[in-house]
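As written in TrEMBL, here are the features:
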DISULFID  4-50  disulfide bond
DISULFID  69-93  disulfide bond
DOMAIN    1-106  domain 'FZ'
DOMAIN    124-251  domain 'NTR'
């Protein structure tokens, strides 16, 4: 279950707290929540969801506390609404117990956490396909990015276990590699296709069969964050000019 990797235990009770009767059903249903985790809408979103999809195998169910549910809901529901998904009734917070020793409370000190970094904000323009305003602006975007890659996506005919509807076709054309090795960059992009399905869907909205794109972004630990994406079209003179100039371009400090 990709949703619940490395959460500190490896056995779960079935049926789970959402009424799934088999592990296969739980795995299938949990996959739809991976894009939300990719948005990092709340530091405890994973432990909250896993307490429901994959409750730890003890003599009795240990449900999430109401305060944990409310905290995750308040941070994540606005981001879900950007994509047309309301907070589901099956996760209604008043069904969970008030905080006590026999429920799962917040793992993260949210006060200390939000003091150190900005809380996630809902954005309905996550990774939209853009047009290059000028070649110089695009070159500066390259400078600010950890990586710049030209890639070709092809639509999968059938994908029973993967969130991603697209796969990488052919070699990557790497304009800027950043801190990753070549093989690492490809594997991280393949993981991005799987985990950041909302971003990929936005990019390919006008290209349902796939296409060639230029993507830029940052490296954050084990994952890539794509910040900007452009359709690779020869008639886009700004994009073509920036790609040609990049090798000789000197970024400003």
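Using the three backbone atoms N, Cα and C, a Cβ is placed for every residue, glycine included.
The Cβ of residue 69 (disulfide bond) lies under 8 Å from the Cβ of 48, 91, 93, 96, each on the same chain and at least six residues away in sequence.
Summarised by DSSP class, the composition of the domain 'FZ' (1-106) is 51 helix, 4 strand, 51 coil. Proximity of residue 4 (disulfide bond) to non-local residues of its own chain (separation of 6 or more, Cβ distance below 8 Å) is seen for 30, 46, 49, 50, 53, 54, given in sequence order. Of all the disulfide-bonded residues given, namely 50, 93, the one with the smallest number of surrounding CB atoms inside 10 A is 93. The average pLDDT computed for the domain 'FZ' (1-106) is 88.
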